[in-house]
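Structure first, commentary second.
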Amino acid sequence: MGWTIFLIAYLYGALLLYVPGYICARTFGIRGGWALSIAPLLTSGVMSLVGEVAYRAHIPLTPTKLTAVTLLVIVAAFALQKLVVQTYKLETPRIKLPAMPALLPLAYVACGITATLFLFISSLESPNNVNPAWDMANHFNATRAMVNDGIFSSFHISSYLTSEMPYIPWEGNSAVVYPATWNMLYASIGSVINLNFAIASNALNTVSCSLVFPLSMMGFIASMAHMITEHTGTKHMGMEHTTTKQETSSRFMEQLICWSGALISCLFIIFPWSCLVFGPLFPYILGLSLAPALCWLFIQYALTKNQYVWHMRLRLFVLLICCILSLVLIHPSTLFSCVLFVIPWYIQALWTGSVQWSLPRISRKHSPKKPARFIPRQLAASIFTLFCGALWFTAWFFLIKKGPLRAFYWGAYADAWQAVRSILGMNFVPELPKYLLQVPQPALSLLVFLGLWIAVRKIKCQWLAFSWVASACMCYYVTATDLVGKRFLTGFWYTDYQRVGANSGVLSILLASVGMAYLIFAVAKLIARMQEKHEKNASLDITTPNDELNTMASTAPAAATNTTPLLSKGALACSTAAVACLVVLGALTLRFPSEYYHQAAPQVYKAMCHYTYTAGEVSSKEQAFLKQAANIINARGRAGVANNPYDGSFIAYGLADLPCVYRHPVTFEDEREQTRIIREKLVHYQVHPEVIEALKQTGIRYVLQLEDPGFIPFSQNYHKPDYAGIDHISDRTPGFKVLAADGDMRLYEITDIH
């Protein structure tokens, strides 16, 4: 039954992200696979906009209403555009994008679903399994507060309701600004399965990994491949054809890169798979999964904006701005990932003249239209580089040095060799003996470095090489050093090695796709040469000496002018199948020697994922008890519940709507005196008047105990005396009544407050 509910949530999540977004993309003139690639970004943006407008208008929403209004707004915009086009007999707007094979999205989806089933779903024992790590406090609890408050806004985020102010344990714990689009989508999916947020989170993450990221990468890879083959041709890639065959050859290599990306995009453990365990970084997964879609949109806007009339140019610009805002409201860090991905391309495009800056044309009335004047390309590239540097410095100063990110800093934990080894192995984050999450993948290393060599020497794609090298250097910087400038370079990702490594993973997919395509072509060319040689030998065996001399003389000029054999479909099919099998087999079996693990990266990851989600910190049994306790409290009168967050109850509010006091396992620097007294002395409240007074002031009436306090992944912060007043309560403690019991789990009512 649980997996059936999970499947319903997964299908609903896919429809939620793709149906409204696809309609919205069609409104802007994007079609086919390109519309699928960008659809989730548009859905997320419109949903965030609806939530913000409702919040400003003081209109409470439910997840169902939020989804319905989002769909209504998108359909209304699409219908209005159709009406205007038909009324004024205008041309249907359509953005010029490279041709994309109709079956290409299916290939990316098939590979994405297969990888997700193998790496993530098969690691779970139940769809209710949760990863009770640090970030889950906000993911679960803030979403529950959203649903209960009816406020779906990134400018009003809190894990507590206004009515719960008396027992909030920390001073100044009011609503804050925090990107909340992921929470809105999460709540919408949860609404169709009776707010089962454990299953809803796994369903949304599965959609992100199996659909959103592969299709988003599809657009980025297709855009990059078209740009490479269009501007460099194929002669640099070893495809020596005549002029009449040049266009066909370019199109062939473009498609080969695109199809290779379908397999490559799901093989790197560093992203998205590791982020399901580390953190877990659920909003970052969705944000970085959609970053490639924004990248290809920016590339196409820069390349084609001068080809449109003014209203289409405005339409494309509005679409770009909306997508940027949408990504910011999912996770702002991923916008800086986009900067790392595409700004080097834009600088190179300006330098080479692929993109040009035109000066404004000033002409008098009735005078002939003057031709466009362009800024010299080297000057334009230099100006833009300086502008980006100034913008980066400004953002660093206001967001990191003086702003909300100044408190985030991850210190170095690896030596220089470990950091270099992780970069060479494409895991980018040095493994720890007790925390083996991502380990080197040497099979992918070969493809990435082959793609890196091709990018620099063959296809003149230095921007991609620069982006990858810069990101790899950032990985080294955050894991192996604490030098000056660490915050300046990586502070937008909290100097968090996992997030920085994920950026490198995305760039590695681009390079590995190019490397795999080149390898397929090289193998196909080898097969074709062997076939040609075999056919030639066979023909010589059946010819006379005179015929042989005549044949050699007639074919000599052709052989001199065309050294590359014509590739047959059979050669291409054989080479593609062989290389794909070798890549998958290598990813599943090859590893670097290590004393800490004896399997390849996928198996090591699956073991850690299984342990993290099923080790019992918040088991299915505990989740069932939480729901039972919530039903009892709602029936008897809702009031605050004293709890020890280190037994897993820090997400009890998010999972079961249980109004627990402590919803985050943090220190007690700013804790209110009333809650401190209760957690330390509640067990003996009858002989301590100050405890009784604290109970009256806070309204706390219940006590919750789950299994194994201190067992969740924050044991280094757990000190038993901190929660002695809660942990030492038993069935025989006077002044407490057992309302629910299951094994070591208890729900008590405090009976003698008055």
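Heads up, the Cβ atoms here are built off N, Cα and C, so glycines get one too.
In TrEMBL this protein carries:
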- 6-25: transmembrane segment (TRANSMEM)
- 32-54: transmembrane segment (TRANSMEM)
- 66-85: transmembrane segment (TRANSMEM)
- 97-121: transmembrane segment (TRANSMEM)
- 211-229: transmembrane segment (TRANSMEM)
- 285-304: transmembrane segment (TRANSMEM)
- 316-333: transmembrane segment (TRANSMEM)
- 379-400: transmembrane segment (TRANSMEM)
- 435-456: transmembrane segment (TRANSMEM)
- 463-485: transmembrane segment (TRANSMEM)
- 505-528: transmembrane segment (TRANSMEM)
- 570-590: transmembrane segment (TRANSMEM)
(request) Six or more residues out from either end of the transmembrane segment (505-528), which same-chain residues have a Cβ under 8 Å from its Cβ atoms? (result) 217, 220-221, 224-225, 228, 237-239, 253, 256-261, 263-265, 267-268, 270-271, 288, 291-292, 337, 340-341, 426, 428, 444, 446-452, 454-455, 458-459, 461, 464-465, 467-468, 471, 564-568, 571-572, 574-576, 578-579, 583
(message) Which range wins on Cβ pairs under 8 Å with the transmembrane segment (6-25): 66-85, 97-121, 463-485?
(response) 66-85
(request) May I ask which of the stretches 66-85, 285-304, 316-333, 435-456 has the most CB pairs under 8 A with the transmembrane segment (570-590)? (result) 435-456
(message) Using Cβ atoms and a strict cutoff of less than 8 Å, what residues sit near the transmembrane segment (285-304) while being 6 or more residues removed from its termini?
(response) 37-38, 40-41, 44, 95-97, 181-182, 185, 204-205, 208-209, 212-213, 216-217, 219-220, 222-224, 227, 271-272, 275-276, 316-317, 319-320, 323-324, 326-327, 330-331, 333-335, 337-338, 341-342, 345-346, 349, 354-355, 502-503, 506
(message) Do any residues, 6 or more residues outside the transmembrane segment (379-400), come within under 8 Å Cβ-to-Cβ of it, and if so which ones?
(response) 336, 339, 343, 346-348, 350-351, 356-357, 406, 487-488, 491-492
